[in-house]
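Visitor: Mind having a look at this structure? Questions to follow.
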Amino acid sequence: MPKRTDINTILIIGAGPIIIGQACEFDYSGAQAVKALREEGYKVILVNSNPATIMTDPDMADVTYIEPIQWQTLEKIIEKERPDAILPTMGGQTALNCALALSKNGVLKKYGVELIGATEDAIDKAEDRGRFKDAMTKIGLNTPKSFICHSFEEAWQAQEQVGFPTLIRPSFTMGGSGGGIAYNRDEFQAICERGFEASPTHELLIEQSVLGWKEYEMEVVRDKADNCIIVCSIENFDPMGVHTGDSITVAPAQTLTDKEYQIMRNASLAVLREIGVDTGGSNVQFAINPANGEMIVIEMNPRVSRSSALASKATGFPIAKVAAKLAVGYTLNELRNDITGGLIPTSFEPTIDYVVTKVPRFAFEKFPQADDRLTTQMKSVGEVMAMGRTFQESLQKALRGLEIGICGFNLRSESPETIRRELANPGPNRILYVADAFGAGFSLEEVHHYSKIDPWFLIQIQDLVQEEMALEKRAFTELDYAELRRLKRKGFSDKRIAQLIKVSESDVRAKRYALNLHPVYKRVDTCAGEFKADTAYLYSTYEDECEAKPTTRQKVMILGGGPNRIGQGIEFDYCCVHAALALREAGFETIMVNCNPETVSTDFDTSDRLYFEPLTLEDVLEIIYKEQPWGVIVHYGGQTPLKLAHALEQNGVNIIGTSADSIDAAEDRARFQKILTDLGLKQPNNRTARNAEEAVKLAEEVGYPLVVRPSYVLGGRAMQIVYNVDELNNYMQEAVSVSNDSPILLDHFLKNAIEVDVDCICDSEQVLIGGIMQHVEQAGIHSGDSACSLPAYSLTNEVQGEIRRQTSAMAFALGVKGLMNVQFAVQNETIYVLEVNPRASRTVPFVSKATGNPLAKIAALVMAGKSLAEQNATTEIIPPYFSVKEAVFPFIKFPGVDTTLSPEMRSTGEVMGTGQSFAEAYYKAQLGAGERIPSTGKVFLSIADEDKPQIIRVAQYLQAEGYGLCATIGTAQYLRENGVGVQIINKVREGRPNIVDSIKNNEIAMIINTVNNLPESIKEAQEIRRNALKLHIPTYTTLAAAEAISEAVRHINKYDVNALQQLHLSSALANQITR
């Protein structure tokens, strides 16, 4: 059946900002869908609020809107663009919920728009817990005993029926948001409160516990002719009770019998048919009782998902691309398999002859107050995937790819009590405790009893632990070719072997090279070698035949960023993708190395050759040994590849672009200070301390308050502002573990300074200023957590001119060749240099979208030898409109965590708003970030004494827009003295009713709360913010943010939507750019 010709224009809804439960896998799927539909001649309109995505590049879709993903904004776009259809299955839960809201509010009917890929009824049937349960009963599939509830009374009645422990699952949420497992009445009440709030339909499923059952997933694709295929089966290493996004998962399923697999396969197809998913991909989750084999259906997602991105990367089958084409009428047998060069149709089920393991990455170090126990609400921020011929090999490769300081199991001496507790109550490191248990002499039965992990997996880990313990007793000289090869086949890294045998990693590598023992590379081909693979999608293993077949072309290798984490996320992958595309266009063969299954960089057609490998020195050197690239780029993947720069250079690798020595000159405090002194540039007063005693002494010289941090970190890891010697001593005790024997840096903290970010490109002869961004939050808030505006909204032209001059001077002095980011602080018109990073920064995608200048692409060509002049890229573009980037935080996933901002980065993603004024752009950025900004109601003000003079104007603006004001007594008296009418409200410690009572009673619409450094003020402010977070009340904790929102509220419901291509055209005309 050919594609549909009755529709011409299709709108795709993206997933919005990166949040826990919905990450960059939707950029991967959305980008595939856009390309697939344009390939078929459809006009594609894309809506997404996330500027760090490849899918929002102006040359991806025909028309691109970087706008808030809410139905009111979508209606404005639909009215303007008049699409024939909407594809809502590529943007996760956000897109599905938005599509349903468009339908519910009559927008689809009003403009005659149809949903393709999944009908409204199919979405509702899959997402509505009650309807889904009824559908499963109808087709004879069991589900856990459960009840749909819309009130606390119903919830308690249901709980009595199912007993404890009780699972609570809200409807229409992602990543298990709002859900959890309750073991007692207090926990049940708390989780239900959270769940009702999280569910847009105020609906919960109260479900019997199936904790300890084995969990499986099936990735299914179906077309309109009822052809169905299973792309991949996935088994969760962790049993039921841990969200699948937080579980280690393995593909294909390892412990199913063939009979069980066929039953599950047939059930999956029956689920899709009953729900009504007739074009596209879905994910169906099952649980099996290990005691008797009983199988139940847990849930299904009628869209591409996190698991489908994993299945696509695991098999090479492009689920999103195929699903997009099925949505416009094709059938599976009409589409061809790209990996095999079109030799076979996509109706052939993929077959894999290797094992894929995904391990999640967590960020609890950023949220010390958070509960780190894993439940049905997802908490991981990223993941790593590895392939090997066995589970053992792929697991060990995945563990070293996590970049958490381990290169294998790294056994620890934990107490038996700790081990039992960690096995029974899973946390982020449970797999390491499994190994610790075997190392401590626990039996297989004991470990299974406490963890409920399938014995087959435990046997594999027990064997690896026994290998480690035996290796510790061996002499290095005893390791011959056969023994070393046997260990490598089980996934042991050179570094881990070296640690166990007490030699250096380079000793092991030298011995391996002397024995001519190298990995071979196998191709991911979807067909287990039955047909020739046309694409070079490769993984390493220790076997005989190598399928890499390297070419003799001039090659550039790009090292990716590894797993997402706070401080290093999709922005760096964006840069890697642009480097690959630009260099390929310039005639180079591009080689991508990465291990993150969520990303566009690990799509098999982004680069010429893809190596899905951990980003360790050993793994990278082996690929270089095989491929012999002309140059390697380490500047685009964040701190991960940068840490390898010196070692790669020492091994004779040609690092193109800025040299490792220049990177070190920017990071090394003494060297960098000398450069600034020579240039006559200012830095905040600072010193470097190597121990606690020295820090205390030097702090007196610098003067409090201080910004303290370890050297060589990304994302402000362990960065803090300290106000006195006691706080400094506390910091020194806690921060030593993250300092890597590097010194602690002490900088004088510049109060009330404006922070400024600059991205630029230097080619040794000229400097292109990419953009000057003014932060909304003052210096002292991590740049990744602050909102910022391009162009600057209050800096004078003189200050901006001087910033440009200083940026250029530093780029030349450091010998930068490629991208560079500088952070300045401006205090009373005086400019201070905070730090310089001669690499890609997390603001590069935002600057590129805001200006239309593709910085990552231009810089990649500079690194390969093409000057800025040759690219006609020497003119800074200053747009005639404002773009605001706003950070998005995961606080809702971590009840109890304080939401105040600090020098340590805690945001997971970002959004962008555009407007003719800063206020309009800021308002749209707040909407995009999910803030529910009220148009009326009462604003609560509690302001630190030093901030009170500036709050008067904020209060006046808010009052002029019709808001009521209430404040604590000190703030209220100050405002009244300055002519602002305000109601007085009690602080928490001043009696009842107080501000927290008012918050809980829904009497407060917005909160502006700045805090002094007194312990009682900090504690009270935390309670205010914690309660506000529960009820989604917008809260602003800095004066600058308060000023911005007081201006932004004028634009409530009065904003325009702007196509990115039109914005860039207006920018080019304003700047007379002809390129």
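Heads up, the Cβ atoms here are built off N, Cα and C, so glycines get one too.
Taken from Swiss-Prot, the feature ATP 1 binding site applies to R129, R169, G175, G176, Q208, V210, E215, G241, V242, H243, Q285, E299. The Mn(2+) 1 binding site annotation in Swiss-Prot covers Q285, E299, and the record cites sequence analysis as its basis. What Swiss-Prot records for E299, N301 is Mg(2+) 2 binding site. The ATP 2 binding site feature in Swiss-Prot is assigned to R709, H748, L750, E755, G780, I781, H782, S783, Q823, E835. For Q823, E835, the entry in Swiss-Prot reads Mn(2+) 3 binding site, with the evidence type sequence analysis. What Swiss-Prot records for E835, N837 is Mn(2+) 4 binding site, and it gives sequence analysis as the kind of evidence. Sequence annotations record features per position, and here Swiss-Prot assigns Mg(2+) 4 binding site to E835, N837. Per Swiss-Prot, domain 'ATP-grasp 2' is recorded for 673-864, and the stated evidence type is sequence analysis. The region 'Carboxyphosphate synthetic domain' annotation in Swiss-Prot covers 1-403. According to Swiss-Prot, the feature region 'Oligomerization domain' maps to 404-548. For 549-930, the entry in Swiss-Prot reads region 'Carbamoyl phosphate synthetic domain'. What Swiss-Prot records for 931-1075 is region 'Allosteric domain', and it gives sequence analysis as the kind of evidence.
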Visitor: Using the alpha carbons only, what distance in Å do you get between H782 (ATP 2 binding site) and R129 (ATP 1 binding site) once rounded?
Guide: 41
Visitor: Please list the DSSP helix, strand and coil residue counts for the region 'Oligomerization domain' (404-548).
Guide: 74 helix, 11 strand, 60 coil
Visitor: What residues, ordered by sequence, lie under 8 A Cβ-to-Cβ from E215 (ATP 1 binding site) and sit at least six positions away in the same chain?
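Guide: The list for E215 (ATP 1 binding site) reads E235, N236, D238, P239, M240, T244, S247, Q285, F286, A287, I298, given in order along the sequence.
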Visitor: Between Q823 (ATP 2 binding site) and E835 (Mn(2+) 3 binding site), what is the CA-CA distance rounded to a whole number of Å?
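Guide: Each residue's Cα considered, Q823 (ATP 2 binding site) and E835 (Mn(2+) 3 binding site) end up 5 Å apart.
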Visitor: Quick one: Cα separation, R129 (ATP 1 binding site) versus E299 (Mn(2+) 1 binding site), in Å?
Guide: 9
Visitor: At a 10 Å cut-off from the C-beta of V242 (ATP 1 binding site), count the other C-beta atoms across all protein chains.
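Guide: Within a 10 Å radius of the Cβ of V242 (ATP 1 binding site) lie 25 other Cβ atoms.
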Visitor: Return only the integer: C-alpha distance in Å from E835 (Mn(2+) 3 binding site) to E299 (Mn(2+) 1 binding site).
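Guide: Here the two Cα atoms lie 48 Å apart.
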Visitor: Quick one: average pLDDT across the region 'Carboxyphosphate synthetic domain' (1-403), no decimals.
Guide: 92
Visitor: Could you round the CA separation between R709 (ATP 2 binding site) and Q208 (ATP 1 binding site) to a whole angstrom and send it over?
Guide: 47
Visitor: For the binding-site residues E299, E835, which Cβ has the most other Cβ atoms within 10 Å, all shown protein chains included?
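Guide: Max Cβ neighbours within 10 Å, all protein chains included: E299.
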Visitor: Given that the record lists R709, H748, L750, E755, G780, I781, H782, S783, Q823, E835 as binding ATP 2, what is the largest C-alpha to C-alpha distance among them, in Å?
Guide: 18
Visitor: Provide the three-state DSSP residue tally for the region 'Allosteric domain' (931-1075): helix first, then strand, then coil.
Guide: 75 helix, 20 strand, 50 coil
Visitor: Within a 10 Å radius around the Cβ, which one of these binding-site residues has the most neighbouring Cβ atoms: Q208, N301, Q823, N837?
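Guide: The largest 10 Å Cβ neighbour count belongs to N301.
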Visitor: What's the number of neighbouring CB atoms sitting within 10 A of the CB on Q285 (ATP 1 binding site)?
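Guide: Around Q285 (ATP 1 binding site), other Cβ atoms within 10 Å: 21.
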